[in-house]
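Now, the feature entries from Swiss-Prot:
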| type | residues | note |
| --- | --- | --- |
| ACT_SITE | GLU96 | active site, proton acceptor |
| DOMAIN | 102-342 | domain 'Radical SAM core' |
| DISULFID | CYS109-CYS345 | disulfide bond |
| BINDING | CYS116, CYS120, CYS123 | [4Fe-4S] cluster binding site |
| BINDING | GLY170, GLU171, SER202, SER224, LEU225, HIS226, ASN302 | S-adenosyl-L-methionine binding site |
| ACT_SITE | CYS345 | active site, S-methylcysteine intermediate |
Amino acid sequence: MTTSTVKNNLLGLTQPEMEKFFDSIGEKRFRAGQVMKWIHHFGVDDFDAMTNVSKALREKLKAVAEVRGPEVVSEDISSDGTRKWVVRVASGSCVETVYIPQGKRGTLCVSSQAGCALDCSFCSTGKQGFNSNLTAAEVIGQVWIANKSFGSVPATIDRAITNVVMMGMGEPLLNFDNVVAAMHLMMDDLGYGISKRRVTLSTSGVVPMIDELAKHIDVSLALSLHAPNDALRNQLVPINKKYPLKMLLESCQRYMSALGEKRVLTIEYTLLKDVNDKLEHAVEMIELLKDIPCKINLIPFNPFPHSGYERPSNNAIRRFQDQLHQAGFNVTVRTTRGEDIDAACGQLVGQVLDRTRRSERYIAVRELSADSDLAQNAANTN
């Protein structure tokens, strides 16, 4: 009987982790930088193609390591230039990655989990339940796949991917270690060299991990707000029952202050017809956010089957935006992109092998975000 050796997947290793790996196989640490450039700058997954690495080391690497990204199931291109990749991860589920071109800017929307346990009522991902956390290699692998697809070299003036947003499937802060590792690779010059201001993590509000985030990484923060009061947010975003608005906004302010720079919080607000789109909601929002440096991104709801919600009229959207503008807020309305390939905000579904029944998901959220578990999870990043 033979046993196969589990190889180290180098794709998800940060620079310190890669250096430690080369230490472990008796090689000099500078080799880490050489290999990382081949992997992330040039999309190479074949050690034999790494021509500035000695043949002896290449043979050693082939025996103990690999470069393995998620499997690309499909790639679709929208009429507006938006691209969507469906990729299969180790759990067997599929997740989605979306690229949105806009002038000289190209934004990649990356998933952090297969499915999501938060069960936000207007999100198609949440309707599927939760299957698994993605590994660091599966998170950064989405950037790697997209970059290879464009044949683009990171950190060059004409690179395709200029911004990354952790706004795909899943709640990034409930996959803390792997998401933080992947974001470090996004910003590392040996990785993708993206500015910290151009890497954004979006959260529905896992308060203890927002506080933990500033200890480990400096990235832009976006809050999925979607309601201006606790009663409504409890219905739309169930985790609000555990971390209500006052607690949540205070944690966001602590995060922004900890960065030590003049930074603003991005507020994401999905507009739902006759639910949260009335002028009184805008007035409540003004009062809620009046002391918080922020910019507001209004997202007209993108319908999906059996959602139970509708997109507001253009007039209703404009009135809501104008009310916020008049109060002095910087407000934009997100243009729907990639709708013809189901790549618009809130439409990402993949093919998730659901491990949670719908009635159990809020319990799962409470367990996932229990303070003791979160503290242990944070400690593991050290």
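Cβ from N, Cα, C; glycine included.
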Alpha-carbon distance [CYS123 ([4Fe-4S] cluster binding site); SER202 (S-adenosyl-L-methionine binding site)] in Å
14
ASN302 (S-adenosyl-L-methionine binding site) versus recorded positions GLU96, CYS109, CYS116, CYS120, CYS123 - nearest by Cα:
CYS123
Rounded to a whole angstrom, what is the C-alpha distance between SER224 (S-adenosyl-L-methionine binding site) and CYS123 ([4Fe-4S] cluster binding site)?
12
CB within-chain contacts under 8 A for CYS120 ([4Fe-4S] cluster binding site), separation at least 6:
GLY126, SER204, SER224, HIS226, LEU236, VAL237, PRO238
Simplified DSSP label at HIS226 (S-adenosyl-L-methionine binding site) comes out coil
Going by C-alpha distance, which of the recorded positions GLU96, GLY170, GLU171, LEU225 is nearest to CYS109 (disulfide bond)?
GLU96
Comparing local Cβ density (other Cβ atoms within 10 Å) for the recorded positions GLU96, GLU171 points to GLU171
Looking at the recorded positions GLU96, CYS116, CYS123, which has the shortest Cα distance to GLU171 (S-adenosyl-L-methionine binding site)?
CYS116
Among the binding-site residues CYS116, CYS123, LEU225, whose Cβ has the fewest other Cβ atoms within 10 Å?
CYS123
How big is the gap, in Å, between the Cα of CYS123 ([4Fe-4S] cluster binding site) and that of GLU96 (active site, proton acceptor), rounded to a whole number?
14
